[in-house]
Amino acid sequence: MDATVLKQLAAEKAVEYVKNGMVVGLGTGSTAYWAIQFLAKRIQQGLSIQCIATSTQSDELARSLGIPMTNFADIQTIDITIDGADETTSDKQLIKGGGAALLREKIVAAATKFYIIIVDENKVVEKLGKFKIPIEVVPFGYEATMRKIQQLGANVAVRLNKAGKILETDNHNFIIDADFGLIEHPQKLHQQINEIVGVVENGLFINMANIVIVAHANGTIEVL
Ligand SMILES: O=C[C@H](O)[C@H](O)[C@H](O)COP(=O)(O)O
């Protein structure tokens, strides 16, 4: 089965967890895209929920599909969030931020009671780190911040957009992609990165996911 079908299978399964009256966090990326589509379909069939998005991209998509949107001022907690990931281990430690949405994704995840990650089997790894860790930094002095990240032992580069300019996140920050090689101690590295002045947040999501739904190439679904 091709990757798109696998993304659809994982997303369809995740949407089954959503019940009437819930506040639902909408992830970002090509897998979360399908979850948003399936949620819209269930809303058309009568499901009553309110949603909060992790990016302007997902917010616009959801609104275009008629999904009712809310915001943090009007809610206390988020019942379920469904999001993708760039890598996951079997014990549900993640790298996210390939789509530059990691900061809003982590804020939404931290406010969520039940955080569901959806991936195809290619994203499941033994150790995190083949995918470079996206790190959101403030633009001011980003070169100095990047050097500090490099001093932790990474090869670093500021992320560019398709036009070759420095990519700006939804929060008007930059993304540094940091290659640490395979990571032995993700929690420790997460702390070390976030201690650097100028770093806003990084793409290691440690002990955040409640379940990871994996779609396998043969069409079976596994819940980690
Ligand atoms: O910033 C983007 C997010 O963390 C995405 O959830 C992640 O990059 C996975 O995206 P995709 O489902 O497109 O592979």
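Heads up, the Cβ atoms here are built off N, Cα and C, so glycines get one too.
TrEMBL labels come from automatic prediction, so no person has curated them.
Features reported for this protein in TrEMBL:
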ACT_SITE  E105  active site, proton acceptor
BINDING   T28, G29, S30, T31, D83, G84, A85, D86, K96, G97, G98, G99, K123  substrate binding site
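Feature map: annotations from TrEMBL on the structure.
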{"residue": "T28", "record": "substrate binding site", "CB count, 10 Å": "29"}
{"residue": "S30", "record": "substrate binding site", "CB count, 10 Å": "12"}
{"residue": "D83", "record": "substrate binding site", "CB count, 10 Å": "30"}
{"residue": "A85", "record": "substrate binding site", "CB count, 10 Å": "27"}
{"residue": "K96", "record": "substrate binding site", "CB count, 10 Å": "30"}
{"residue": "G98", "record": "substrate binding site", "CB count, 10 Å": "21"}
{"residue": "E105", "record": "active site, proton acceptor", "CB count, 10 Å": "32"}
{"residue": "K123", "record": "substrate binding site", "CB count, 10 Å": "22"}
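If you measure from the Cα atom of T28 (substrate binding site) to that of the residue listed as 'active site, proton acceptor', you get 8 Å. Candidate binding-site residues: D83, G98, K123. Those with a Cβ under 6 Å from ligand 1, in sequence order, are D83, G98. With respect to their backbone Cα atoms, D83 (substrate binding site) and the residue listed as 'active site, proton acceptor' stand 8 Å from each other. DSSP assigns T28 (substrate binding site) to coil, not to a helix or a strand. Ranking the binding-site residues S30, K96, G98, K123 by the distance of their Cα atoms from the Cα of E105 (active site, proton acceptor) places K96 first. In the three-state DSSP scheme, E105 (active site, proton acceptor) falls into the helix class.
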